[in-house]
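Enquirer: Next up is a structure, given as structure tokens.
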Amino acid sequence: MLFRNIEVGRQAAKLLTRTSSRLAWQSIGASRNISTIRQQIRKTQLYNFKKTVSIRPFSLSSPVFKPHVASESNPIESRLKTSKNVAYWLIGTSGLVFGIVVLGGLTRLTESGLSITEWKPVTGTLPPMNQKEWEEEFIKYKESPEFKLLNSHIDLDEFKFIFFMEWIHRLWGRAIGAVFILPAVYFAVSKKTSGHVNKRLFGLAGLLGLQGFVGWWMVKSGLDQEQLDARKSKPTVSQYRLTTHLGTAFFLYMGMLWTGLEILRECKWIKNPVQAISLFKKLDNPAIGPMRKISLALLAVSFLTAMSGGMVAGLDAGWVYNTWPKMGERWFPSSRELMDENFCRREDKKDLWWRNLLENPVTVQLVHRTCAYVAFTSVLAAHMYAIKKKAVIPRNAMTSLHVMMGVVTLQATLGILTILYLVPISLASIHQAGALALLTSSLVFASQLRKPRAPMRNVIITLPHSSKVTSGKILSEASKLASKPL
């Protein structure tokens with residue numbers, strides 16, 4: 001009966017699977033009643049299938065109808081795919097890290113970081129609860145070098161302000177730990193994350209724990225009189241340790257955000273293989289290779305510029321020269337200022353260069369200005385280059401680059417105003433937030449130009465990716481075919 005009318009057979013084969021098509025044609029031969037077709041389809045368990053399916057060219061030896069269910073038809077995809085909720089959680093947690101970086105900057109600007117002289121990760125969660133406890137805490141602070149040399153004039157009420165600034169900063173850090181660790185364990189145990197993502201989460205958890213130790217290591221450098229004497233410094237934290245603390249926070253932020261964006265992108269690809277394969281072709285284009293390298297370079301420049309800003313904050317170098325574009329009356333400070341022998345600790349002066357580059361406030365400010373100029377011109381040059389190559393650059397990546405151009409312009413303006421207005425707390429804090437915003441835009445841009453992971457790519461290209469119809473339409477077409485004479 002099948003070969004009696006091949007034209008009708010071809011129409012039916014385009015809409016039914018190998019099994020359902022054979023059963024349906026037998027039913028058509030026996031009866032033209034659509035209820036019989038429904039019974040046969042119900043036996044093959046396709047009646048209840050309401051998801052979209054792909055139409056493939058007809059072949060008597062191959063299926064024309066194949067549902068896509070990751071957990072059954074493609075177990076490899078199940079192992080590679082991570083839940084969207086994991087991505088949203090990671091991006092949300094990265095937002096908390098962004099907030100604590102800004103709060104840490106405020107703690108530094110208000111000189112509150114050394115107000116808590118002990119590190120108690122668990123018992124230090126609660127602040128002093130009564131007058132007696134406050135007085136005991138104040139006595140501990142009075143024994144610190146900062147109080148003896150800088151803050152001997154403050155009273156208990158003033159101490160409470162700087163104490164709460166540091167306490168909130170530490171409490172926020174503990175909250176991030178809980179918000180990250182507990183859901184990470186849940187997602188891993190419930191198998192909502194792939195092995196690839198589990199490795200990332202494990203690394204981020206270790207980095208988060210390290211950040212807590214680095215924070216106390218930094219604070220201790222401002223409480224130890226011997227270290228202050230060795231640095232010939234006033235009671236303040238080491239600029240090296242401050243920058244390390246800042247850099248660790250930046251790495252933690254980047255790791256969370258990058259992983260979250262990657263998960264969202266891969267979920268989108270699995271949902272729409274057609275669009276994914278089209279994007280793969282663009283990303284495989286050799287013409288986009290230079291832009292991919294440029295995106296990584298911009299990410300590195302943004303990070304290094306922010307770290308040089310950390311050195312400026314650690315040395316209070318923002319107050320050295322408060323003019324722009326010149327530094328004082330010159331375009332550049334004198335060589336004697338830049339390479340001051342007073343910063344050497346060796347008799348042979350072999351540490352002259354690196355000591356001044358990292359410890360001389362004048363030189364450190366010049367380095368930060370130079371990094372800022374490099375960052376701005378690099379983004380500007382990349383933006384101009386991308387406009388010429390916009391035909392080969394994905395639209396979302398081009399949008400991210402436009403945003404980056406705006407952010408770097410705003411950040412440069414904030415930096416100039418911060419210097420001219422003698423580093424007011426409000427401007428300096430916004431400037432620090434701008435550094436992280438610039439890093440964010442460069443990271444998003446780089447992630448959008450990144451090629452897909454090979455395992456995920458291999459899964460995507462095997463998914464059904466032609467035109468789609470629904471099972472309801474299949475039944476409708478089968479009914480029409482059944483009513484036609486054979």
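The chain as shown is numbered from 1 upward.
Keep in mind that glycine also has a Cβ here, set from the backbone N, Cα and C atoms.
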Enquirer: Same topological domain name for Asn322 and Gln448 in Swiss-Prot, and hence the same side of the membrane?
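Expert: No, opposite sides.
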Enquirer: Considering only Cβ pairs under 8 Å, which range in 171-191, 201-221, 244-264, 294-314, 403-423 makes the most contacts with the transmembrane segment (365-387)?
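Expert: Per the Cβ count, the answer is 294-314.
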Enquirer: Taking residues 6+ outside the transmembrane segment (86-106), which of them lie with a CB under 8 Å of any CB in it?
Expert: 165, 168-169, 172-173, 175-176, 179-180, 183, 187, 192-193, 197, 245-246, 249-250, 252-253, 256-257, 259-261, 263-264, 267, 313, 425, 428-429, 432-433, 436, 440
Enquirer: Using DSSP reduced to three states, classify His431 (heme b binding site) as helix, strand or coil.
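Expert: For His431 (heme b binding site) - judged by DSSP and reduced to three states - the answer is helix.
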Enquirer: Where does the mean pLDDT land for the topological domain 'Mitochondrial matrix' (388-402)?
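Expert: Overall, the topological domain 'Mitochondrial matrix' (388-402) comes to a mean pLDDT of 94.
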Enquirer: So which one is it: of the binding-site residues His169, His368, which has the fewest other Cβ atoms within 10 Å?
Expert: His169
Enquirer: Could you break down the residues of the topological domain 'Mitochondrial matrix' (388-402) into DSSP helix, strand and coil, giving a count for each?
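Expert: The composition, in the requested order, is 9 helix, 0 strand, 6 coil.
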